[in-house]
Amino acid sequence: MNYLNNLNVFKRRRNTSSTDSSSAVSSPASPATIDAAGTSAGAAGNEAGTPRRKKTKKKKGRKRTISVVPISEVTEASLELWRTLPPKIRHDPSMVSFQQVELEHARLHGDCHEDSFPEIQGLEEDDGEEDEDDEDEEEEDEEYENEFITINVTNEEGQAKEIGHVKEKKEIPKPHVHHLAGHYIGNITPPKHDDINDTGQTNLDEDHPFRKYSKIICLFITWLLIMSFMVVKDEKMVEPKHLSISPGKTKAYILPHLPQSTRIKVTLEGTFLSEPYSNITEHYLEVYLQMLSSTLEGNSSDIYSSSSAKNISESWYIPIVHPYLFDSAPIVKEQRLFDIIDSNYEQLHQTNGGLVRLMIRSNIQASMPIAIRYDQSPVNRDVGVIYAAFVLIFLYVLIIWEIVHRTFAAVIASTLAISILAALNDRPTMEDIIGWIDVETILLLFSMMILVAILAETGIFDYLSVYIYKITNGKIWSLIHCLCLCTVLISSFLDNVTTVLLMAPITIRLCEVMDMNPVPILMAITVHANIGGTTTPVGDPPNIIITSNQYILKHGVTFLTFTAHMLVGVIIVVITTNIHLRIIYKNINHLRMHEPKELKELRRNIKVWERAAGKIPPYSKDANIVRETLMKKVKLLRHQYKKKMTKGTVPEDIYRSTLEELQREHPIKNRPLLIKSGVVCVFIVSLFFLESIPELRRLSSGWAALLGVVLLLIISDKNDMDAVLSRVEWPTLLFFAAMFTLMEAVERMGLIDWIGHATETIILSVSEDLRLAVAIVIILWISALTSAFVDSIPVTAMMVKIVVALSEKAYLGLPLQPMVWALAFGPCLGGNGTLVGASANVICAGIAEQHGYRFSFMDYFKLGFPIMLVSVLVTTGYLIMAHVVFAWH
């Protein structure tokens, strides 16, 4: 009789006995169902009169394991293959069919041992006590750990360091020892880059000689170019000339020298009306250029009557105030670049004694004094655009590859831009450079940094962190969504820079509590700060520029209408952005500082079972039975791994203990100071809102923040100013000053105007029925993409002029409001594209560095740029549907 016949005889004998009912197997028609906790009963044994075991209460955490292979399919050949597997796999509950057949075989031959299969032997004894179950689990873990040995290496200090696990040769058949051990050795996870630096083993260190000296040589060459241009070229001084324009007459001012290029830059100062008010007056000053082909002598009347005069430029009309207001109106500066076509320029230089004169006249019945400056060799915009693009590329190379610190990179790039202007015969004066720096923004940042530093002393940030940790129940995604939503709401009413200054410390503290990496969470709240700032006119500087334009205000763009139209789009963008974040961080471990131990164990088990399955040759039916059993176990482990990986929660016991500990350790430390700080914050926010009302606008945001901080320093009696000022991020302030200088220099080279003219040309080139849709798309995307790499303030200032100009041209039929909404979305959402795209991004990076966390340009780019593209795409669809399809405006 063969082995299987003997086994069936032994089964029948056991079914008629009453001694081993707990070990009975199910009928061959159905798989045996085994409780992994330790309960099993055979149906046949119960029928024979064996008393049923008393059922024990199911323990917490017990799982039922169903055999994936019926016993009837276990053949002798597959059992032989099963015996060659590692003990950890053979003893697994999912292999219970093989275990039971092996156990029956052992008892049939009389060589059964009590501890042959602890998973099955444990079914026979269960006293229902949870403590024994825990001990079994600990023993099981210990047995599993015994199958691995730890490799230790010694660092320079002589300390041992664990770098991985290697499979031990214990209980493994000789033919398989080398294979499994090699598998684990080959899959040892290398230490992180920081750990490698600690031991002095780096693949590419920043101090590598080639990298170090290449950087020094390149920067030294750049310094030589800057110095040579600055030494050779002097500052360009254009002295003003004072003229009086008589009523009803044209004033001719002859330029003493012929222009050195086809362009002449003219600057006028007088009692002019700024561009937003140009439509409220009928008084204009007309300015144009004329060319004289021969030298004229005599009185000024000969000049006016000369028949050889030829107009060589279009007329420039400047609105002026009413003559009654000449004595009280402010002096306004206006600039214009006159282009001379090539044929006239050549004729002018070929004619002997040719001259160019500036013709000025007004339509008012009073004399008007003006000051005039003219530049006969301005920057060639065609060449200047190329140089401007080169400077920006140079800046981003320094920042992206982290050749130098971003603050130093901005200083080098801005200095290089000024030296290029000098090489183009347009070197600015020191007064001009200081005027380029936006002191209001620097003042706002400086004041809010001090305010946040004082608030930190009260413990309010730690207290709020504990509160958010409490209401989110330790769930990672609930925590992230809560932080992002709070950031959006705060940023809607405060500027995004202030919002990041307030939210970043809370975020970092929460991430440290939950053992999460603060960097991706900080980048997420920065993105939401820029999105939330889009909602209201006071949320972001571009919105302030847009809503302060008088022409736009006169056409129905109020605080409420602006908020209503923007709110719908912001809600859509916030939803899509959060979905985007869930997709990017689908693996919750990317948000953790350290991978949980249970996930490491699951991942290691998956590799063990996959490797074992890979050793089974798929050449026979018997081998396929074992292989399928192993692969089903792999599938189950993968499902458990995926579930735990996406769960994103802190264990309940750890959450409760951590919450109690945090509540004890982080109460409000200084309540009187918190009350004083709260009063000052309310004061500052009130002034911010008053600034949005034109009739009550007296203080700018910078002054409001500074006055609030001064008040806080007075009432809090702060004497140690060194401690307060040490918390100010001076590198960040210097970065902004350098960037303001760089952006003005780039604008002076003509890059911003070139982008504006290209935008207007594209819009005017399409048919009238598609013009509104094209205008919305072009304004939105160009302003967004440009703001991602260039500061949004000059981009917005330039695009506002284009939007107003397109709306004023009645024959185009373009409504103003849809273009305004597109312009408001573009720079705000575009700021999410790169690290230097918005002020809040740089502030967040600076705060992260202060707390010991650092993210590079590329780290932010990988997250921010795709989010920016998706959000702008969604906004495009919203604006097209709202204003082209349904004509909401």
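Any Cβ shown, glycine's included, is placed from N, Cα and C.
Positions annotated as region 'Disordered' by TrEMBL: 1-65 (among others).
The compositional bias 'Low complexity' feature in TrEMBL is assigned to 16-33.
Positions annotated as compositional bias 'Basic residues' by TrEMBL: 51-65.
Look at TrEMBL and you will find 113-145 (among others) tagged as region 'Disordered'.
Sequence annotations record features per position, and here TrEMBL assigns compositional bias 'Acidic residues' to 122-145.
Under the heading transmembrane segment, TrEMBL lists 383-401 (among others). For the transmembrane segment (383-401), the residues of the chain that approach it from at least six positions outside its boundaries are 409-410, 412-413, 416-417, 420, 424, 742, 745-746, 748-751, 754, 789-790, 834-836, 856-858, 861, judged by C-beta separation under 8 angstroms.
The feature domain 'Citrate transporter-like' is assigned by TrEMBL to 396-826. Across all of the domain 'Citrate transporter-like' (396-826), the predicted model scores a mean pLDDT of 86.
Annotated transmembrane segment per TrEMBL: 407-424 (among others), in sequence order.
For the transmembrane segment (436-456), same-chain residues at least 6 beyond its ends with a Cβ under 8 Å from one of its own Cβ atoms are 428, 495, 497-498, 501-502, 505, 541, 673-674, 677, 680-681, 684, 700-703, 705-706, 708-709, 712-713, 716, 718, 724-725, 727-729, 732-733, 736-737, 740-741, 744-745, 793, 839, 843. If you look up TrEMBL, you'll see 436-456 (among others) marked as transmembrane segment.
Among the features that TrEMBL reports, transmembrane segment is placed at 476-498 (among others). Beyond its flanks by at least six residues, the transmembrane segment (476-498) meets 444-445, 448, 468-469, 506-507, 510, 514, 516, 521, 524-525, 528-533, 535-536, 538-541, 570, 574, 577-578, 581-582, 588, 591, 648-650, 685, 688-689, 701, 838-840, 843 of its own chain at Cβ-Cβ distances under 8 Å.
What TrEMBL lists as transmembrane segment is 559-585 (among others).
Taken from TrEMBL, the feature transmembrane segment applies to 673-693 (among others).
What TrEMBL records for 699-716 (among others) is transmembrane segment. Residues 439-444, 446-448, 450-451, 454, 495, 673, 676-677, 680-681, 683-684, 687-688, 690-691, 724 of the same chain lie 6 or more positions beyond the ends of the transmembrane segment (699-716) yet place their CB under 8 Å from a CB of it.
Here TrEMBL flags 770-790 (among others) as transmembrane segment. Here the transmembrane segment (770-790) has long-range neighbours at 392, 396, 542, 743, 746, 751-752, 755, 758-759, 762-763, 796, 799, 802-803, 806, 812-815, 818-819, 822-823, 825-827, 829-834, 836-838, 865, 868, 872, 875-876, 879-880, 883-884, meaning same-chain residues at least 6 beyond its ends whose C-beta is under 8 angstroms from one of its own.
Taking Cβ pairs closer than 8 Å, the transmembrane segment (863-888) reaches residues 520, 523-524, 526-527, 531, 565, 568-569, 572-573, 576-577, 580-581, 584, 772-773, 776-777, 780-781, 784, 788, 815, 817-818, 821-822, 825-826, 829-830, 832-835, 837, 841 in its own chain, all 6 or more past its ends. Marked as transmembrane segment by TrEMBL: 863-888 (among others).
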